[in-house]
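Listed in TrEMBL for this protein:
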- 1-23: signal peptide (SIGNAL)
- 150-291: domain 'Peptidase S1' (DOMAIN)
Amino acid sequence: MALSMAGLPGLLFLVLLLLCVAGQGMTHSASWKPTWPAYRLPVVLPQSTLTLAKPDFGAEAKLEVSSLCGPECHKGAPLPTYEEAKQYLSYETLYSNGSRTETRVGIYVLSPRSAQQGGEERAGRARRRRQIYGYDSRFSIFGKDFLLNYPFSTSVKLSTGCTGTLVAEKHVLTAAHCIHDGKSYVKGTQKLRVGFLKPRYKDGARGANSSSAAVPDPMKFQWIRVKRTHVPKGWIKGNANDIGMDYDYALLELKKPHKRKFMKIGVSPPAKQLPGGRIHFSGYDNDRPGNLVYRFCDVKDETYDLLYQQCDAQPGASGSGVYVRMWKRPQQKWERKIIGIFSGHQWVDMNGSPQDFNVAVRITPLKYAQICYWIKGNYLDCREG
């Protein structure tokens, strides 16, 4: 197969969006299962890499982010051109020694026949930190039998205060604002660490022969240093407003494998195709220190890049992987995949009345292609979303 590049950015952008949703039509029957849709995925490949000056690490860590426009504003925004899409999906890499680079990308399609390229849209609006809707529906997860088992074991804590999710043997997906405020890196990012919950045993009882000897105490974190981080330029250029919210995601590469089961990423299906219309995520909300907090809720609205929902959450949950469980037809099995990254809280104008939502960034076909390439380093391994 040859990699072909678009010559008519605007038209081919629309064609790609149509191709990306092709095959999503689903009919319900008695034996119907919510099934992962098939997508025709684009390819995002590096074209050139520039060495940048060492960055400033002076930004204060913010555990939530805000933007300026809501779902209707976002839906009405013009599509980016092909050149804009390339610019937004170009990315900055920070290394543990403090050096950084900027990589410019090209967008292609693996097809001998027609179109490609794509891009993203817009989003936003903000409010204070409450993020709880009526009765608090969050569940604190206790006991190592739950905390150390999948899917809860995929949630990790960042030393900057956010949450991340294990998406490969050495990679963690999180929100961009957890390490970069749109202008500079947050304090502590150069020595960024990822924390894994593990049990703390009393009286040195670990490994004792008695079945009652090992009595688990409160959990503790085991920390692994981060080797490098990737942040899309759409976040940095957008500076967390307008389109910036659409690119509030980052990938961290650890210095050594974590040896835990991870959760794969997937392209976000339309909300109407999600099982029960719901999403799930777990994070380290800062009002429950040391606890992993799980929640699920209905999606209330969506744009091409964002999911609007009212899952109860507090700062600290930012960066959590939003996931669903659906049927994978080729393998004939159920599979959970991360379809978004929890970002933060927004007030939006709904027909003249203020409405507040928690917001997650969707993994679109282009974002899937980019994040997968960051993980795999080979676009041929990124053909299934």
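Cβ coordinates come from backbone N, Cα and C, glycine included.
Within the domain 'Peptidase S1' (150-291), the DSSP-based counts of helix, strand and coil residues read 30 helix, 53 strand, 59 coil.
Note on the domain 'Peptidase S1' (150-291): its mean pLDDT in the predicted model is 85.
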